[in-house]
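Enquirer: As listed in Swiss-Prot for this protein:
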BINDING   87, 105, 106, 107, 108, 109, 512  ATP binding site
BINDING   897, 899, 908, 909  Zn(2+) binding site
């Protein structure tokens, strides 16, 4: 009630923040005259001066005004561009670990240089994150002269880069790369067998370009490094033959069955579910082809893998459409990014779904994969000490940014006011009428010599639109996943007078559409341009530029609404950059997927009430409101899915951090002899307790079982029964001591055969291999647990709480297994002397062989296949505080712990549990 009044009196939070930062802008401006007077060498020397001041205790916040003034002056001299005052505000926003929302054409790339330069002075590295390799290379090479002028180094990380190059790129002051490459390198680092094989340093500060695309759109997509599992191609082929025989079950809204079938499809949640008739029918067919034994159920424990194949086949046929979710190119299924329209070469769906699609398309089926390491972008980017981002559209997702990443969104005022006209949506009864209206609008714009950009949601729609225009004889360019190689060239000239470009979603994002075309691209296409040629190209461009402005600027046509308002705003934002004229219009029909699923009934009834005829359109605020309400509903559902994914992955993430910390500690340690000794003691005590229960009578002891177990686990034959017969004074504790002494004798003999140095090295490699193998199996077990945990809801149990409880038990078992299996291998192995260099070379060869078999996948997002989990009956997820990284001197495992508990380090913070 009072909020509008208070906002009027005091301004919004955003306005107050801008006012606060404007005071710092004035200080930066006050430095400008001083910086202009410096020579190039003096300006460059400022970088070393800043580093020295940081070393003496000065903070980055204290350096900010002067450092920004230096970066601004360097920008003028090297790039010919001076940062505007609003761009300085954007730079401060990034430095403070917030998201800067800036409209298209406001110079986000230039804004990033301010915060990147300031934070690179700390010497801890800055990562600039982009959505694709092209933008990473373009931005790095564009800004490299500026950074190098200031005495900083720049690196670029790319897929399939030689290790030495990649290591050098990460060691640079500023590193450019994609979100995928940073995430996969983090996982690779935690699979390395030597500290020298690791790439990344401490994750210090990241600036994410198009932050909404990476942290929101791709948040549901886990990053997975996998290795090949067993070949099941024949099974996929057999299942694929059966799926078309299943029919979809369709009901009207009132629940009346219009078509009885075997499965239902929920387009809202992208789920497919077999009903009772479907289960019976598929079981009969599987029995006929010999895949299921007579009388057996698909839900028997040993048949669950078969059930997974059936569901993978169903999803491949009913939820994944060619030229929408994927394309087929050169005999391969290439996934299409739903948010950018680009293909993702090398990325594969997991859980057998990719193989099912290959079977459906009649392609060669590649072997299944097993997860070796995984994480999500949500958890990876939260590892950075400081995180920030830039985008043209973040305000609609401000709540999610704050909830998940603790990032505030700051709307940066534009340098010039927006001059774009956004017309109301036009809604038609059918898609055919909608496309006819779009063609009419295109013709009108081309007649006025206006450039037009038509945005489509899928490749299929872009090709349909292209066919319609070809029939009309209208010249145009198509930009989708099939023609992505020409992306930069097409986008560069999309602003020419009368140019018509059709693009899927946000293809070309990150490249401005300049009115009149891009004269710099024209110059770049000439082999050795003369000053006269360049001057002529500029003059021609100026004429075209003025011609387009007088015609009304770029006109953006959208063929349908996206699920997210943000994606729609991104498309609109292609027009009206830097105060240019422009316009946008959305054309919709009741047959569009969003309208059909979420907004159809209300709008359809409204249109019927108006007595609309074929070919007529409705243009009303009520319709636009209904559509936006549907979009908010979808956004809310997607946020719930992403939040649920995070809550589940947070459990796995705490385990991941423990395992990776353990692994890094092992890699850094020169001698893990004490750790192995502790393992041996614990494993032995557990083994003895199983056969000689604590405080039990001798009659309850299973001596024969203990002798057998010691032979199996420790490779020693001990006459325990004979000891007991010969010595009446032997009791439980003294027996433990005697057994341990014998084990030490046996192990010391191994050390004598080789050498202490060789055995220590061998212990480390064995522990690393055991840890990696068991962690890989643990990930698989956790996946199975997560996919079935929602069924606990039927037993009135909270699935999330059950998942936490069971995953904790599994993790405890994992840690016990690591200790037990390590000791078992070390006890049985025969050690021989080997040259350390030969051993290291062999291990490196093994690691390279493993790397060659790795696949890098985007898994289908967990949480989509099952309904959202009920929160009732369970509390919020327990936050586990991470321990601070300590850089002080390493403690011996038998020394007192640094925390002051009075315990030995090995029993306190050095304990492996």
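Cβ from N, Cα, C; glycine included.
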Enquirer: Please classify the secondary structure at residue 109 (ATP binding site) using three-state DSSP.
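Expert: For residue 109 (ATP binding site) - judged by DSSP and reduced to three states - the answer is helix.
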Enquirer: Applying a 10 Å Cβ distance cut-off over all chains shown, what neighbour count does residue 87 (ATP binding site) have?
Expert: 27
Enquirer: Hey, does DSSP put residue 512 (ATP binding site) in a helix, a strand, or just coil?
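Expert: The residue in question, residue 512 (ATP binding site), is coil (DSSP, three-state).
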Enquirer: Taking the Cβ of residue 105 (ATP binding site) as reference, which residues of that chain separated by at least 6 in sequence fall under 8 Å from it?
Expert: 512, 577, 578, 580
Enquirer: Let me know the most crowded of the binding-site residues, choosing from 106, 512 and counting other Cβ atoms within 10 Å.
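Expert: Counting Cβ neighbours within 10 Å, the top one is 106.
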Enquirer: Name, in the order they occur in the sequence, the residues of the same chain whose CB lies under 8 A from the CB of residue 107 (ATP binding site) and which sit 6 or more residues away.
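Expert: Looking at Cβ-Cβ distances below 8 Å from residue 107 (ATP binding site), excluding near sequence neighbours, one finds 81, 84, 87.
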Enquirer: Which residues in the same chain, at least 6 apart in sequence, have a Cβ under 8 Å from the Cβ of residue 108 (ATP binding site)?
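Expert: In sequence order, 90, 100, 102, 209, 390, 391, 392 meet the Cβ cut-off.
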Enquirer: In Å, how large is the greatest distance between any two Cα atoms among 87, 105, 106, 107, 108, 109, 512, the listed binders of ATP?
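Expert: Looking at 87, 105, 106, 107, 108, 109, 512 as a set, their Cα atoms extend up to 17 Å apart.
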Enquirer: Within its own chain, what residues at least 6 apart in sequence put their Cβ under 8 Å from the Cβ of residue 109 (ATP binding site), listed in sequence order?
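Expert: Correct list: 139, 142, 143, 209.
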Enquirer: Once 87, 105, 106, 107, 108, 109, 512 are set aside, which residues in the chain still have Cβ within 8 Å of the Cβ centroid of the ATP site?
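Expert: The surrounding set, listed in chain order, is 102, 104, 110, 111.
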